Amino acid sequence: MILYAPKIPPDTKNTKERFFEIILHKPFTESLHHVYSLFRSENQEEAEERFITYKERIPLYIKITKECTVPSLQKLCDVLSEHRSWTIAHLVAHLGPHDLFNDPEIQSHIDDTDPLSGTTPVMVAVKSCNLRMVQSLVSLNCSLDVLDRDGNTVFHYAAASNKEIINVLAGKAASSLNVYNKQGYTPLHMACLANAPDCVRSLLLAGADVNLSAAKRSTSTLPGIVGELLQDNQPKLYQQDMKHGGTPLHWAISREVIEALVDKNCDINALNFDGRTALHIMVLRGRLECVIALLSRGAENSIGDKDGNTPLHLAVKQTNIPIVQALVVFGANLELRNNEGYTARHCVPIEMSSSIYDKILFVLHAVGAKRCSGDMSGCRPGCSSRGEYNGVPPPPVARAPARKVINDMLTVAGIEKASGFTDDQKVGRLLCLDGGGIRGLVLVQVLLTLEEALGKPIISCFDWVAGTSTGGILALALACGKSLRDCQRLYFRLKELAFVGMRPYPSEALENILKDCLGTETVMADIKHPKLMILAVLADRKPVDLHIFRNYQSAQEILDAYNGTASPRAEAGDQVSVVSLPAPPPPSEQLVWQAARASGAAPSYFRASGRYLDGGLIGNNPTLDALTELTELRLALNGVGEFQEAKKTNLKVVVSCGTGLIPVKKLKDIDVFKPESIWDTARLALGVSAIGGLLVDQATQSDGRVVERARAWCSSLGAPYFRFSPHMSADVAMDERADDRLVTMLWEAHAYMREHRDEVNDLAALLRD
């Protein structure tokens, strides 16, 4: 190779003689006259630089490849024009063939780095998507841990190549799989940016950590390795969302995938390139079950994206009422503003059909969404500070006739009687929680409102807590340190795990959840505050009997200990026969989770828990049984001289929470008779069905006369009585699984408590005294 200079002085008639020219001669053994012009330029400096670049690489490349043709030389010169600092190894890695690295001279340069870009030959091969070349270099143990000048590893280059190359590299260089480059991206982020879903999946399978968010904004300190999950279960991911970055949670399309990813420590609040969490994406995609799955696993619902929009802002803009309701009941902040200063109420689209606009506006208004401030511009009647329009409420629910007058009279009578007591005479505070299966979510929603008004944990505001079935489980969970939000999330997980298959459902899932929540070794006596009454039914006898799981001594136990006996005694001449039945374990031996399981053993829904059935068969509303228990306890304590302890049973206030009032409807054909025709047979079948339903309703009644008896009793005791049981627009089954029905039920409970906020505030003031 020779660099020819122009003639001096140049021939003005021959323009070619003004150029510096690089000429490549074929070996003399092959040809004396066959040469190639590689480069021409009038600039001497440029020609000399190009000559230095060419002479160190092109002859050696031709010598090794034994290929010297115009097309090959053109390609070689083009590459060197773009990458003048590449070594011979970089050229071979880019142009091939792959077996050239078997040459010792080329192999000695296998780990050379480009002094300008810092790239290595294997990075060049990866970027060229040359699988055979990558395989060859990896088999020769080339270095895979080198970073280029931008901090990129070989995996950053592979992120935009193909899954086969990633798989080859993953077997040798797993340590550099999760390295950030100088832009703040890992290889997984680069694959997302390149919109390469196959590469994304391959990186995840190789062990990419999904919790390393772009620009090092990760909110999790735990590694999220989900490759095994993808390999074993092959979950479906929405590939179109991968280009926006994030984690597989952002790309999931089902609740099952989300649950599995969270179990693998996938950061539930990780952000994608647009600053959005997985919850934002599920709201935008309208996937209610995914929204519920994320919220029930603790996803933060008030994070703003790059535009400041929270998931609630987006749900309102998407006009998705069930998702709006879901976010509201999970505690979304209604007053957060986006970057434009707009709240969710302001963002209700006015261009939608008026009926949807009316509905969404009322959904927000009914739970306390405020209007915009007076200085806000662009407001509509639904959000303007001077407006009065609040949307249109749903159709009214059919209810039983109101008893407001008599209830008010009972309340006044109770207050008058309470005025005659001193403060130290009435100190006990009683909370009663009804049964109702999955409708225990209503209890949680009611208590959340009370807790917000009190400003402290609800469980610390009561001395006595009574619960039946789902109410008993909730009481035990709160007493064991769980928060109300924990319990809300627990219910949504429980209905997916426990209500599976046909009734009666398998008990194992329910029992495992109770063990995880309440502990496997915790006993009732370990709970010091508050005093608990958990109702169940002893079904190993006829007639069946009510049993109360306690964390204190019962009245009978106090008297037996005082008298020195624990068994009934018959006087001489008495003709008494006492059936010998095994006694339930004492509080020091009674496991908490087993008490919860026994109280919630609803017939036909779950198998019996040993000799126990659901407490709702006798006391679905535990208020009357709790008042009976405290009366007996007070007499026993006074009888043994424990006067100070007896004072704690004198109630200052009674709060009763129900799981919702179903709509009242007419019943027909409730007569049972001997049929005389085929039409009578049909009527008889309907009548038997109706009577069966009536018997079940009465056996598990928690409202109606049960509430009125409790109200009257509390009035006679001089203890204010508060009853919260929201009206529901539909009869929600105890084992309901449909998310849309459940979030509607909870929104109705939230709206009900908002409507009764004066009563809530009165109760909060009484509990704080």
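Using N, Cα and C of the backbone, Cβ positions are placed for all residues, glycine too.
Straight from TrEMBL, the features:
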- SER469: active site, nucleophile (ACT_SITE)
- ASP614: active site, proton acceptor (ACT_SITE)
- 431-627: domain 'PNPLA' (DOMAIN)
- 117-149: repeat 'ANK' (REPEAT)
- 183-215: repeat 'ANK' (REPEAT)
- 274-306: repeat 'ANK' (REPEAT)
- 307-339: repeat 'ANK' (REPEAT)
- 435-440: motif 'GXGXXG' (MOTIF)
- 467-471: motif 'GXSXG' (MOTIF)
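There are 29 other CB atoms within 10 A of the CB of ASP614 (active site, proton acceptor), with all protein chains counted. The residue listed as 'active site, nucleophile' sits 6 Å from ASP614 (active site, proton acceptor), taking the C-alpha atoms as the reference points. Taking Cβ pairs closer than 8 Å, the repeat 'ANK' (307-339) reaches residues 277, 279-280, 283-284, 286, 288, 291-292, 295, 301, 345, 347-349, 352, 356, 359-360, 363-364, 367-370, 445, 448, 485, 488, 739-740, 743-744, 746-747, 749-750 in its own chain, all 6 or more past its ends. Here the repeat 'ANK' (117-149) has Cβ contacts under 8 Å with residues 85-87, 89-90, 92-94, 96, 98-99, 101, 107, 109-111, 157-158, 160-162, 164-165, 168-169, 171-173, 175-176, 179, 181 of the same chain, all six or more residues outside its ends. Residue density at the residue listed as 'active site, nucleophile': 34 other Cβ atoms are found within 10 A of its Cβ, drawing on all protein chains shown. Residues 238, 241, 244-247, 249-250, 252-255, 258-259, 262, 268, 312, 314-315, 318, 320, 322-323, 326-327, 330-333, 336, 338-339, 488-489, 492-493, 739-740, 743 of the same chain lie 6+ residues outside the repeat 'ANK' (274-306) yet bring a C-beta within less than 8 angstroms of a C-beta in it. The average pLDDT computed over the repeat 'ANK' (183-215) stands at 85.
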